[in-house]
Amino acid sequence: MATSSLCSSFTSQTCNPHSRPHRKTLTLPGSVFLCRQFHLNSPSVSKTRRIRTRQSGPVASLGGLLGGIFKGTDTGEATRKQYAAIVNTINGLEPKISALSDSELRDMTFASRERAQKGESLDSLLPEAFAVVREASKRVLGLRPFDVQLIGGMVLHKGEIAEMRTGEGKTLVAILPAYLNALVGKGVHVVTVNDYLARRDCEWVGQVPRFLGMKVGLIQQNMTSEQKKENYLCDITYVTNSELGFDFLRDNLATSVEELVIRGFNYCVIDEVDSILIDEARTPLIISGPAEKSSDQYFKAAKIADAFERDIHYTVDEKQKSVLLSEQGYEDAEEILAVKDLYDPREQWASFVINAIKAKELFLRDVNYIIRGKEVLIVDEFTGRVMQGRRWSDGLHQAVEAKEGLPIQNETVTLASISYQNFFLQFPKLCGMTGTAATEITEFESIYKLKVTIVPTNKPMIRKDESDVVFRATTGKWRAVVVEISRMNKTGRPVLVGTTSVEQSDSLSQQLKEAGILHEVLNAKPENVEREAEIVAQSGRLGAVTIATNMAGRGTDIILGGNAEFMARLKLREIMMPRVVKLVAEGEFVSVKKPPPSKTWKVNEKLFPCQLSNQNTELAEKAVQLAVKTWGKRSLTELEAEERLSYSCEKGPAQDEVIAELRNAFLEISKEYKVFTEEERKKVVAAGGLHVVGTERHESRRIDNQLRGRSGRQGDLGSSRFFLSLEDNIFRIFGGDRIQGLMRAFRVEDLPIESQMLTKALDEAQKKVENYFFDIRKQLFEYDEVLNSQRDRVYTERRRALQSVNLQSLLIEYAELTIDDILEANIGSDAPKESWDLDKLIAKIQQYCYLLTDLTPDLLLNECSDYEGLRSYLRLRGKEAYLQKRDIVEQQAPGLMKEAERFLILSNIDRLWKEHLQALKFVQQAVGLRGYAQRDPLIEYKLEGYNLFLEMMAQIRRNVIYSIYQFKPVLLKQDQDKMENQKSGKRNARPPTDTNPDPVGTVEPSTSASS
């Protein structure tokens, strides 16, 4: 389940201490801010820069606080030298590889695959493989990977993290090591942060390995198990981090081999690795099942929370995201609910009231979630996207639904869970790439054992990161932001404004409307999400103003002057989609996740740089008519049509006649648009390039750097500036008393603050937020490590039961160990023979297995001379009883026993593992208090968790063998009539269930008597 945080973070900037200070005056006619001046890069700030140092990274100061992280850091030249020899070898192979025909190039794959599978090392195959991929990319995509991209590929092949700047072609880089590592035949996973990027990368750069004879697969959320299995078996599979993790958990809940979809783990390339392994690592992946809860309690608690007042009835700790009822709060709640104790275990009102107050104070609409229809949808704080299908756990989501007056969905109980840390550590070889990893080198190396390597840029980065501007109050900050946007807009420079919430983006949008500034908004709201790629791709056009809620993982480059190819695709899409996408018939089932295509696909004409010529309009019409004739009028689903359009809008040869015609039209339209976008690009560059405005610091500096990195791609001109307020969440929550003192000292809202004390206070706040969230991730990892070893054991046992053809040996082992448990519980190993209570022992054994009716004290005394003899004899009888029961069932219903055994093992593992997870959650909450008794909570958790685990594994064995011993097939009359068919191998019996009697086989209640 996803959780959300109200905290933001910020970044330090390294500036030239010798730069000449300059003064800028920002004014907006008609504003309260009229004629107010604020001075940037003042001499006092420059002095501060000279004296402030940080051990952990770049110099921090007010005049560049949290600014350009890239200045003064490793430029990757050492990496360039390290790999220079191999790059030269690859370049030396280029003439030879270029001379090969397409089929000869494809044959290189088969030859390399054969060599790899015979044991030749991938390192020795690397130069040739990279040269082949480079040539294929040139032929298929029209892109020749630069030398620095080859270096990036080699870094990934070594199992390291490659830090590559935005716009350096990370998507293409991933193909190089993916192709090389796929040669061994064990599969490669390329992991992205969302479905859109997975599909885009598979359809675009996936053409390269496909052209070279490899199978490339794509996993999407709405696929069937069969489709997923087929795609996971491909040489290279594109998939999102969450879908891969959930498929792993679902595989470990499967009840038949046919339901398994994932092949074994081999090599994994993670795009935006910091977002996945750092930002999302605080929240484990959880698959939940429904649990019965009364919705009335949520609504009553919501009314109480609404009536209660902060600091009177309760206090709020925004840093810990917790609330605490005061004495008056307890008394008033108990009086309203007419209960004696909020913590009465029969009703447990306390959790409902606490969650209701959390929903009121800490989980805010259009910040942490949005409302769509009658659903509360979580907004990912790192990407600004809606997290479809994700819910907060422990009743919190229901509390938010009650607050909003929406229908309450059932509370959930955890069926399976895993942290991203432990999930990805299952890969024998793991690597990743991002534009912002340097800030988290320590965490990558300590938890994941991944080295971070800086890859040099192809062209020098010349973006100018301006000084940060800090105000006392948010009102002054937002006025200054509007002034900045207006000033840039007048020069024609495109502006990208980053906000941290939907609420902020809507508020700023309203202010820009009042100022008469045309703009686009990109946030989690449905009407904006649909146009995401369109909005981002055109953010670099002359005079464009774009407000975006977080830019992590957006995946679309902002090209100065506009993206001609993207516009050409939109034009072709506008013409084609209405004619080939089928309409949903009335009454036909429509997926909630995929609404019917009621839209027209019509694009605002202002988006296109020019009116399309008649010649290209006719070319597009002709291609679309051929598509309609070949595919059928309105015969495709929207997803199918989008996939075919994607294939059409690529470069390189196409075998299919329709795709070839559409591709030709796309290329011609692109050429026409490029004439205009190139002219516009020159104007944008002359104006200064893309200007990025940050409005608040996130808790992760990397997200701020990703926002900055949208400007200055591939050596483009650009600039960035952040506007901050002491009322921003990061300073308010983590700033401490010093920030509060500064807020009282500086009374003027509209003037920026310059103070060495402030610089130090903000620097400390930054360290606090980074350390705080690192500690959370580290603690989650440490606690999940305990669970991970248990999870591995349980999943191994479960997979053994699922995939074994014959479970006889496993069941005999269960029978013998259960007999051992009963014996040890009733007769001590050191007890003399004369003191054995055999009547009690026999009663307990016969309670488990009614077949052992012949056991008597005299028989045991005669057969067994000592304790070990007794153990061996009872083990033998337990085994014989199991084999006897197996024969009885097989005679009545051939083949049923195998199904019953598998079903009973899987169902008991799943049920008891679910209960174990709940128990561990309570243990983790309880051990936290033991720190006050000078006891390490983690060690306490390990000890108690281990004891609970041993008891759970024993209980699984006992329940299963008890159910097997008690199992009595009940045949229906038609089954008796068809006994002959059953004996010949045709079975009409269904597997038993552990709850309700089955028409064919029933299992007695498996609440086995405790030994």
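Even glycines carry a Cβ here, placed using N, Cα and C.
Feature annotations, courtesy of Swiss-Prot:
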BINDING   M164, R165, T166, G167, E168, G169, K170, T171  ATP binding site
COMPBIAS  1-17  compositional bias 'Polar residues'
REGION    1-22  region 'Disordered'
REGION    976-1011  region 'Disordered'
TRANSIT   1-59  transit peptide
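Annotation for the binding-site residues G167, G169: lowest Cβ count within 10 Å of the residue's own Cβ, G169. For T171 (ATP binding site), other Cβ atoms within 10 Å of its Cβ number 18. Cβ contacts within 10 Å of E168 (ATP binding site), excluding its own Cβ and spanning all protein chains shown: 26. For K170 (ATP binding site), the same-chain residues lying six or more positions away in sequence with a CB closer than 8 A to its CB are G152, A162, M164, D271, M433, T434, G435. Over all protein chains present, the Cβ of T166 (ATP binding site) has 23 other Cβ atoms lying within 10 Å.
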